[in-house]
Amino acid sequence: MAFKPYPHLIFFFIVLTLSPLTQSRFISRTSLSSSSSLVSDGINDTQHSKSYPFLSFKLSTEETCEQSYGFLPCTSTVLGNLFLIIVYGFLMFTAARYLSNGSELLLEILGPGLIGGLFLPVLGALPDAMLILVSGLSGSAEVAQSQVLVGMGLLAGSTVMLLTVLWGSCVVVGKCDLEDSSAVDKKDTKGFSLTGSGVSTDVWTSYSAMFLVVSVVPFIIVQLPQIFHTSSGKRIAILIALIVSVVFLVSYCMYQVFQPWIQERKLAFAKHKHVMSGILKHLKKQNKGRLFTEDGEPNEDVIRKLFKSIDVDSDGYLSLAELTALIIGIRFEEIDLNNDDAVRKLMYDFDTSGDSHLDETEFINGISKWLKEAKRLEKGESDAHTMKCVDDFHQQTKKEHDSLGNQNDEDAEGVQNVRRTSIKATLMLLLGTAIAAAFADPLVDAVDNFSSATSIPSFFISFIALPLATNSSEAVSALIFASRKKKRTASLTFSEIYGGATMNNILCLAVFLALVYVRHLTWDFSAEVLVILIVCVVMGIVASIRTTFPLWTAIIAFALYPLSLLLVYILDYKFGWS
C-alpha cells in the first residue's frame with residue numbers, strides 16, 4: 001500500500017474549516033472572574049438557536065468545555081460532540097491503519113520471531129492502549145474516575161466486536177463447501193447452507209484460542225473481592241491482577257517468538273510420518289503377500305521382495321538414485337514434499353551404518369519398525385485388520401499434516417528494495433504512533449462530553465463507537481484475507497482475531513489496572529467484566545476444541561454482540577451492579 005498522507009491532511013484542513021460548528025471557546029481569566037452571564041462562546045445564544053436549531057441541545061449554562069492543547073475545538077452540543085467523535089475517530093482509524101501497514105512491511109523484511117512476536121503485537125494494540133491510558137490520566141481523580149469508563153467500554157467493546165461481529169463476518173465471507181468435516185479450498189457451491197458450508201483452520205489457530213481463554217484469568221483475579229462481597233483486599237487484587245497480566249503478556253510474546261521454530265519442527269515431523277505412510281501404502285499396493293505373519297509380526301519375506309524390486313542393479317544395496325525412483329513412483333505432491341526431502345527422511349530412519357546406502361538388513365529392519373508403528377492404530381491379528389491399519393495410518397498422518405497447515409502454499413515474494421521499504425515502514429509506524437498519541441485525549445473528552453449532553457452512559461458510546469475507529473483497519477484486512485477462501489488464509493485470519501482479543505485482555509488490561517492502582521481509582525466494573533468473560537470463554541473454548549466451523553456458528557457469534565450490550569444494561573441499570 002502506497003504511503004499517501006495527503007488525503008488525510010486535506011481532510012484535517014476541512015475539519016478545521018468546519019470547526020466553528022462545534023462552538024469552540026476560549027475562557028479568559030477576566031471572564032471567569034465576572035458574572036456567569038459575561039461568559040460567552042462568541043455566538044449569541046438567541047441568534048444561534050434561530051440559525052442552527054439542530055445544534056441548540058446543550059449542556060447547562062454553568063458547564064463549559066475545555067479545549068484540548070488549548071487550540072483544538074470543543075463543544076457543549078450533542079451534534080457538535082458527535083461531529084468531533086467522528087473526526088477524532090477517523091484520525092484514530094488513520095493511526096491504526098498506518099500502524100497496521102507499517103507492521104506488515106516490517107514483517108516482510110524481518111520475518112516472524114522477535115519482530116513478529118514482540119514488536120508487532122504491541123503495535124497492533126497501541127491505539128486501544130493509548131485511549132485507555134489517557135482516559136485515566138486526565139484531571140483530578142474524580143474526573144479520571146468518570147472518564148475511565150470510556151476506557152473500559154473500549155476494552156470490552158473491542159474484545160467483543162472482534163470475537164462476535166468480525167468473527168462471524170469472516171465465517172460468512174470465507175465459507176467453503178464442507179466435505180468430510182473439513183472445508184475444501186476455493187470451492188463454494190452450497191451457498192448459505194448452515195451445515196454444508198463453513199471454514200476450517202489449522203491446529204495453531206486452536207492454540208491461539210487456548211491462549212485467549214487463559215488470558216481472562218486477570219479479570220477473574222481482580223473480581224475476587226466483589227465475588228466474595230468484601231471491601232478489603234481490593235487494591236491487593238488489582239496489584240496481583242496487574243502482575244499476572246504482565247507475566248501473561250511476556251509469556252504470550254515469547255510464545256509468538258518461538259512459535260515459528262516449534263511449528264517448523266512439528267510440520268517436519270508430520271511430513272516424516274507421511275513418508276512412512278506413503279511407503280507402507282506403496283508396499284501394500286505391490287500385493288507381494290501378507291504384510292504380517294500369523295503371529296502378527298512383520299513379514300520379512302514380503303519386505304525382502306520389495307527390496308529386490310527396488311534394487312535395480314542387484315548389488316544388494318539401495319542407492320540414493322534407486323530410493324529417489326521409489327519416491328517418484330509414490331508421489332508426495334499432496335503434502336508439498338519434494339523428492340529429495342522424502343529420500344533424506346527415509347535414509348535418516350533406515351541408514352544405521354551411515355554409509356548413505358541401505359543394505360537388505362537395514363531396509364527390512366526399517367520397514368518392520370514402521371509397520372509396527374502403523375499397527376498400533378488397529379487392534380487385531382487378522383489379515384483384514386493388518387491391511388486396514390496401513391490405510392488408517394495413511395489417513396491419520398494426512399489429517400495430522402493438514403491440521404498443522406501447509407506453510408508453503410502461499411507464494412512468498414521477496415522485498416525488492418529493503419532500504420526503501422524499511423524507511424517507509426518506519427515512517428508509517430512513527431506517524432501512526434504520533435497520531436494516536438495526539439488525538440487519543442481529545443477523542444476521550446468528546447465521548448465524555450457527548451455522554452453528558454445525551455445522558456447516555458459513556459460505556460455504551462465507547463463500546464460501540466471506539467472499536468470501529470481502532471479496529472476497522474484490522475477488520476478490513478481480516479475480511480479480505482478470509483475472502484480468499486483457503487484454509488491457510490482462514491487460519492491466519494482467525495489467529496489474528498484471537499491474538500487481538502488476547503492482547504486486549506493482557507496488554508490493554510495491564511494499562512487499565514496500572515491506572516486504577518496508581519491513581520487510587522475504584523474498580524467497579526462487574527457487569528463489564530462478566531461480558532468479557534462470557535464472550536472470551538465461549539468463543540475461545542469452541543475454537544480450541546474444533547477446527548471446522550459451519551455457517552451456523554456465525555449466527556451464534558453475531559447474537560453474542562447485542563446480548564452483551566443487553567446484559568450490561570440489565571446488570572448495571574436494573575440490578576445496580578455498578
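Cβ from N, Cα, C; glycine included.
Bear in mind that the values here come from a model prediction, so they are computed numbers and not experimental data.
Summarising the annotation, TrEMBL assigns domain 'EF-hand' to 298-333, 338-373. Residues or ranges marked as signal peptide in TrEMBL: 1-24. Sequence annotations record features per position, and here TrEMBL assigns transmembrane segment to 69-93, 105-126, 146-167, 204-224, 236-258, 425-444, 456-481, 502-519, 525-544, 551-571.
Of the Cβ pairs linking the transmembrane segment (551-571) with the transmembrane segment (425-444) and spaced 6 or more residues apart, fewer than 3 are under 8 Å, so the two regions do not touch. Distant neighbours of the transmembrane segment (204-224): 233, 237-238, 240-242, 244-245, 248, 252, 255, 259, 263, 404-405, 491, 494-495, 498-499, 501-502, 505-506, 509-510, 513, 523, 526, 529, 532-533, 536-537, 539-547; these residues of the same chain sit at least 6 beyond its ends, with a Cβ under 8 Å from one of its Cβ atoms. Here the transmembrane segment (236-258) sits apart from the transmembrane segment (456-481); fewer than 3 CB pairs are under 8 Å, leaving out pairs fewer than 6 apart in sequence. Applying DSSP to the domain 'EF-hand' (298-333) sorts its residues as follows: 23 helix, 3 strand, 10 coil. Within its own chain, the domain 'EF-hand' (338-373) is flanked in space by residues 271-272, 275-276, 278-280, 283, 291-292, 297-298, 300, 303-304, 306-307, 316-320, 323-324, 327-328, 330, 332, 390, 393, which lie at least six positions past its ends and keep a Cβ under 8 Å from the stretch. Shown for the domain 'EF-hand' (338-373): DSSP residue counts in helix, strand and coil, namely 26 helix, 2 strand, 8 coil. Per-residue pLDDT, averaged over the domain 'EF-hand' (338-373), rounds to 80. For the domain 'EF-hand' (298-333), the list of distant contacts is 274-275, 278-279, 281-283, 286, 288-292, 339-340, 342-343, 346-347, 356-360, 363-364, 367-368, 371-372: same-chain residues at least six beyond its ends, Cβ to Cβ under 8 Å.
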